[in-house]
Amino acid sequence: MVPSVVFWGLIALVGTAKGSYTHSVHSMNPHVHPRLYHGCYGDIMTMETFGAPCDINNLMNCGIHGSEMFAEMDLKAIKPYRILIKEVGQRHCIDPALIAAIISRESHGGAVLQNGWDHKGQRFGLMQLDKNMYHPIGSWDSKEHLLQSVGILTERIKAMKRKFPTWNTAQQLKGGLTAFKSGMETIVTPADIDGDLVDDVLARAKFYKRHGF
């Protein structure tokens, strides 16, 4: 009788310990599960977005559906960079899905680049740093270069927080995305945020969040 009691006691103890460990890992280290990790700049899954802009010449491939369609088209090209994107995202405390979304919009996962450059020779790398605004380092799809690009993005978001402390988290993130592309001086009021850019990026980011980024 005693051995049986001891056996079931050990089973209960192991089960309890395992459950506590799983809970503590997920609650203390959000990096474990991609859907729980959103970094230091807000949860993109809660942010409103309208997707890619619609106009008279683009009524079929616009809105959230259009953004998700383009994100899915780029998924195969971006998947090989998933581990790198996650590592860089966690290094800079920003959602990897947001990085993937920018890469999708700017370079389609590098598929349209020529030796890392756009067709005009003005923008470089997966996130397409403008050589007139920045000084790109490293090879176009290297960890070194992606760290630089994401570092610039997060600095722009932090600058928005300092410049506009009364803005909400979503506005500061969207302002940072706009400033990454256009420069800090272009943002004076929330109306200066590039809605076409940020709505498309956020819709793509939500897609990538649901696909393991």
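Count begins at 1; order follows the chain as displayed.
The backbone N, Cα and C atoms fix where each Cβ goes, and this holds for glycine too.
Taken residue by residue with DSSP, E106 (active site) is part of a helix. Residues or ranges marked as active site in Swiss-Prot: E106.
Using a 10 Å radius centred on the Cβ of C93 (disulfide bond) and all shown protein chains, the other Cβ atoms total 13. Residues or ranges marked as disulfide bond by Swiss-Prot on the basis of similarity to another entry: C40-C93 (among others).
Note: C62 (disulfide bond) has non-local neighbours G51, A52, P53, C54, D55, i.e. same-chain residues 6+ apart with C-beta under 8 A of its own C-beta. The disulfide bond annotation in Swiss-Prot covers C54-C62 (among others).
What Swiss-Prot lists as signal peptide is 1-19, and the listing cites sequence analysis.
E106 (active site) has a Cβ environment of 21 other Cβ atoms inside 10 Å.
A coil conformation is recorded for C54 (disulfide bond) in the three-state DSSP classification, outside any helix or strand.
Every protein chain considered, the tally of other Cβ atoms within 10 Å of the Cβ of C54 (disulfide bond) stands at 14. When the Cα atoms are compared, C40 (disulfide bond) and E106 (active site) turn out to be 23 Å apart.
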